[in-house]
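Reading through the structure tokens given below for one structure.
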Amino acid sequence: MEQNSRALIDGFNRKIDYLRMSVTDRCDFRCVYCMAEDMQFLPRQQILSLEELFQVAERFVALGTRKIRLTGGEPLVRQGIVDLCGRIAALPGLRELCLTSNGSQLGRLAQPLFDAGVTRLNISLDSLDADRFKQLTRTGDLAQVIAGIDAARQAGFRRTKLNCVVLKGRNDHELVDLVRFAIERELDITFIEEMPLGVISEHERGESFCSSDEVRARLAEQFTLVESTESSMGPARYWRLAEAANTRVGFISPHSHNFCATCNRVRLTVEGRLLLCLGNEHSVDLKHVLRAHPGNPERLEKAIRDSLHLKPYRHHFEVGGDVQILRFMNMTGG
């Protein structure tokens, strides 16, 4: 079949069929694990246009990509995002168009996104305490985010997932409450080990690190966790709750249980660099290809294919010590 002959296969025989695209580096939050408080954002001419983003998505889908996730920054602060979603969702062969959001704009955009063809949402929620939420996000309004979560449910989204970055001494005492919140709303929830991207001064990452094993052990004191073989085509490993049929608990463990052996994804930064690995700087400048050869999908396809030999077998994140990756998560696509 043509699809198989055109599929993207890396040097370790991993099929690449999942693309994460950052549509903006801007965000209305300043989460302490994601960016510096005085973050300087890119000039608009340095980021990909909506048309350029669509051209990359179109080419990846033609090459066998079955899942695309739009990220940021906060993707919903990018003007024209709903129209972009509609165009990407309509690409023949794409099975899932997902979007990761901080939830702040979902009150007004959940229904338009659903109508445009977005299939699933991931929503960040690191605390259920309004003051602590404000401390962790620096600018966020918890009530507004919860209203956005509820708007997503009302719009018709199913299998919506909450994402929580666990920081020891900051929000790790809320784990059970967060799971109960997810159960009440029939949501999935994933607990994430903090990733060492960008130099931050707000906290020491080694001291705040909380492993997925520790999180799971604490949850097991309150819930019956049943390991699941289900997959979302991403890095999360899921467990079912015997007490709640409509909620799964996931763990993303870049430090304690890295997911590199089955990695099926690449990332496009807002500047148009195709990152072959979250934890390495190997990349190819697709913006240059798009602008040097406008309207030439063959040149874009060649650049994508040629990039695959740069994809390493694994990352080498470390809990403590110097930061290995200087770019912040909002530049990479969270």
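Note: Cβ is positioned from N, Cα and C throughout, glycine not excepted.
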Listed in Swiss-Prot for the GTP site shared with Arg20, Arg69, Lys161, Arg265, Val266, Arg267, one of Thr100, Thr137, Thr229:
Thr100
Taking Met195, Met233 as the options, which does Swiss-Prot list with Tyr33, Gly73, Ser124 at the S-adenosyl-L-methionine site?
Met195
Average model confidence [pLDDT] within the domain 'Radical SAM core' (11-236):
93
For Cys34 ([4Fe-4S] cluster 1 binding site) and Cys263 ([4Fe-4S] cluster 2 binding site), what Cα-Cα distance in Å is obtained after rounding to a whole number?
22
Go through Cys31, Cys34, Cys263, Val266, the listed binding-site residues, and name the one with the sparsest Cβ surroundings, counting other Cβ atoms within 10 Å.
Cys31
